[in-house]
């Protein structure tokens with residue numbers, strides 16, 4: 001820690017992350033669970049990206065966005081999981097001031113990217129079901145790339161609102177962050193400076209992202225539902241709805257936890273409860289998404305089967 005000019009306080013140059021628990025036995029158990037989840041997350045999402053790239057039958061807008069959702073999931077988990085795993089192995093887990101800013105920004109970037117990509121996927125389903133004749137034109141490769149660029153630019157600006165606000169916070173000695181990563185809320189609690197503007201700006205930015213993306217998703221699915229209800233055959237309705245079930249499951253899980261973390265007043269739940277929900281939001285959901293799409297999507301299951309059969313054929317050819 002460095003001394004401030006007035007000599008009465010010390011400037012914080014690093015933070016101590018208190019983590020999830022101090023119980024030695026529980027730390028080992030949770031370490032093994034988080035490690036397994038992280039390995040499944042990386043392998044599952046990476047496999048999804050590779051499968052979509054190598055399978056020509058998956059070269060459609062929905063799977064284009066799904067591959068980037070998998071990328072965002074890997075980024076979101078990787079921004080917190082490695083450091084959290086280290087926290088279980090050392091007595092005191094410290095993170096530098098720049099490291100804290102990077103972790104805060106990366107978590108914000110990938111979390112926001114997931115919001116935007118889920119909204120883009122809802123719009124894609126709306127175009128596919130409500131405007132099937134115009135789908136190939138309205139969702140061309142160029143349009144998909146443009147939508148994705150907007151997703152990442154919006155994510156960058158929202159993440160920047162957190163990192164810039166973080167740099168405006170002053171810390172005068174207290175550096176024990178009651179969380180497993182550099183989340184903005186516990187950092188604000190440690191600040192000894194005026195937090196009125198630094199606290200409001202990220203809240204406004206994140207709130208705007210949530211309102212915009214939720215509006216796109218809700219409006220898209222209202223039109224989708226109205227279109228499905230107009231389909232006379234039960235088989236046709238089931239086929240149309242089956243293309244949305246995986247996306248709806250991901251949206252429900254993701255926005256359900258976001259609502260708990262950001263919309264419910266902090267006084268109504270404890271810090272430990274917030275940590276558990278954050279683990280689910282940043283660690284568990286990135287693992288679940290590839291499982292949801294692989295288990296509930298027939299096209300992905302067929303692509304997996306073809307890739308598996310092709311691989312077995314090549315192995316047998318090499319052996320013979």
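Glycine is treated like the rest: Cβ placed from N, Cα and C.
TrEMBL assigns the feature transmembrane segment to one of the listed ranges (6-24, 63-81), namely 63-81. Within the set 188-208, 209-229, the record from TrEMBL flags 209-229 under the feature transmembrane segment. Counting C-beta pairs under 8 angstroms (sequence separation of 6 or more), the transmembrane segment (241-264) reaches the transmembrane segment (101-123) with 3 or more such pairs. When Cβ-Cβ distances under 8 Å to the transmembrane segment (63-81) are tallied for each of 28-51, 101-123, 144-170, 276-295, the top count falls to 101-123. The domain 'G-protein coupled receptors family 1 profile' (44-293) scores a mean pLDDT of 88 in the predicted structure.
Beyond the ends of the transmembrane segment (144-170), by six or more residues, the same chain brings 11, 61, 64-65, 68, 100-101, 104-106, 108-110, 112-113, 116-117, 120, 123, 184, 187-188, 191-193, 195, 197-199, 201-202, 205-206, 209 to within a C-beta distance below 8 angstroms of the stretch.
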